[in-house]
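Report on the structure given below.
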């Protein structure tokens with residue numbers, strides 16, 4: 001079965017992609033009759049060296065994303081994963097020559113088709129009297145024994161585009177640019193790893209991976225790597241990659257050691273999430289710095305993809321100050337990142353948290369009767385929520401992402417950890433404020449925010465008094481805050497339904513001589529009844545409001561959790 005792709009046709013997908021890029025970028029132009037993209041200010045390059053690169057499509061933003069002042073003059077694209085035609089390469093060379101450039105450097109990734117087609121076009125151009133040189137980039141660090149074909153050209157090619165572009169912009173001649181970038185390629189290495197295959201439009205996946213496998217050292221077209229390994233943590237995968245890349249027994253290694261200064265490029269092969277990319281980048285920085293390597297610059301993003309492949313590559317380039325200046329030079333290429341031109345290593349990465357305001361001294365002794373009862377209440381609430389995790393998750397799957405139980409368990413574990421640090425404040429206002437901050441920080445999600453709002457507002461009436469009318473007022477304040485910011489109302493099928501029902505019963509606490517437990521018992525029963533009633537409600541707020549009511553045949557998990565919390569409080573007070 002072929003994979004799904006949002007295209008117009010398989011045959012024209014590369015042309016359509018380039019047309020879209022040019023349509024949205026006034027600095028680019030298509031060369032009529034060819035799959036070639038050039039700088040729109042080509043005539044401004046008179047007297048300078050032109051830089052052309054390219055290869056098969058499917059590696060976006062490479063290569064056309066790196067056209068611009070300070071990088072490439074133009075690119076020649078083939079069909080997906082297919083070398084471009086010799087005629088188009090020659091047309092591009094002629095176009096830049098007719099614009100008055102003094103020579104052309106072809107930057108080619110080391111693949112047989114690219115070498116042959118770019119090489120043939122070069123020979124034809126030279127026969128016509130056009131000065132053309134060619135550098136073949138092989139930065140693959142996967143293979144421990146070098147094969148006749150040599151190292152494959154991977155994401156490190158983009159760094160060569162940058163270095164060559166800076167030199168050309170500075171007016172350096174063709175021969176010198178060729179010599180200098182050829183030297184740079186020898187100080188560079190790239191290694192890829194993938195969790196999945198990719199598929200050329202109209203075709204099946206290029207290879208299969210088991211659910212618990214990753215491919216180490218694969219190419220950007222899905223070519224086989226050096227081996228398959230079991231899935232592991234990001235830290236372990238990155239460590240394995242860097243060990244392999246820098247191992248001196250590996251003939252394609254990068255000679256990086258303690259004291260080396262490098263440029264690090266963390267490249268998304270197409271289908272990796274930004275979340276994972278950030279985790280990988282952190283692991284790479286920590287691992288390199290742990291080896292005594294200085295990271296002079298780091299680039300994280302998608303630079304050379306392999307369609308939708310779920311994977312990444314790491315590139316290391318040994319640098320000195322002159323080379324860094326070329327890396328840092330200005331460019332208008334749309335895909336080159338706007339990254340600070342400062343060293344990553346040695347930079348302070350955190351700032352001290354703001355100091356909390358001094359609180360009024362709690363006159364109630366810590367560990368007193370009230371404090372012990374608070375601990376019992378909180379412990380019962382925590383054990384209740386932990387025991388309900390699977391049930392709440394199951395209820396949440398119908399209308400959400402199935403994590404309501406996980407969220408409440410996270411809150412329970414945070415409270416348990418807090419209780420181990422010492423007795424909680426005995427004063428109700430301070431207790432609720434502390435719990436609010438804890439849940440806002442640790443619980444997460446909309447539930448954490450709503451509980452935090454409720455507790456923050458509920459604490460205010462309890463600062464002056466702590467009698468039953470004050471507790472009823474606290475409930476009112478908490479409910480008002482939840483409605484104000486959460487936009488839910490009673491009957492909207494949310495956690496508010498349980499709390500609102502309880503709050504109506506707790507109004508009786510405002511009457512003289514009210515009985516705490518008798519009224520609280522009624523409040524808990526009302527909350528439980530309201531929670532069960534939510535299964536017959538049409539959701540008016542929250543995530544469930546986007547779901548058809550016909551699919552909502554279970555009570556709202558937030559309402560069930562809120563009622564369970566109130567039940568746990570009652571049971572401790574009754575005992």
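Numbering starts at 1 and runs along the chain as it is shown here.
Backbone N, Cα and C define each Cβ position, glycine as well.
Automated prediction, rather than curation, is the source of TrEMBL annotations.
Pulled from TrEMBL, these are the features on record:
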ACT_SITE  221  active site, tele-hemiaminal-histidine intermediate
BINDING   56, 57, 58, 59, 109, 114  substrate binding site
DOMAIN    9-336  domain 'DhaK'
DOMAIN    372-571  domain 'DhaL'
REGION    337-366  region 'Disordered'
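The Cβ centroid of 56, 57, 58, 59, 109, 114 marks the substrate site; residues of that chain outside this set whose Cβ lies within 8 Å of it are 54, 55, 62, 63, 77, 78, 80, 81, 82, 83, 111, 220, 221, given in sequence order. Of the listed binding-site residues 56, 57, 109, the Cβ environment within 10 Å is emptiest of other Cβ atoms at 56. Each of the binding-site residues 58, 59 was scored by the other Cβ atoms within 10 Å of its Cβ; the lowest score goes to 58. Sorting the recorded positions 114, 221 by the number of other Cβ atoms within 10 Å puts 114 first.
Distance noted between the C-alpha atoms of residue 221 (active site, tele-hemiaminal-histidine intermediate) and residue 114 (substrate binding site) is 13 Å.
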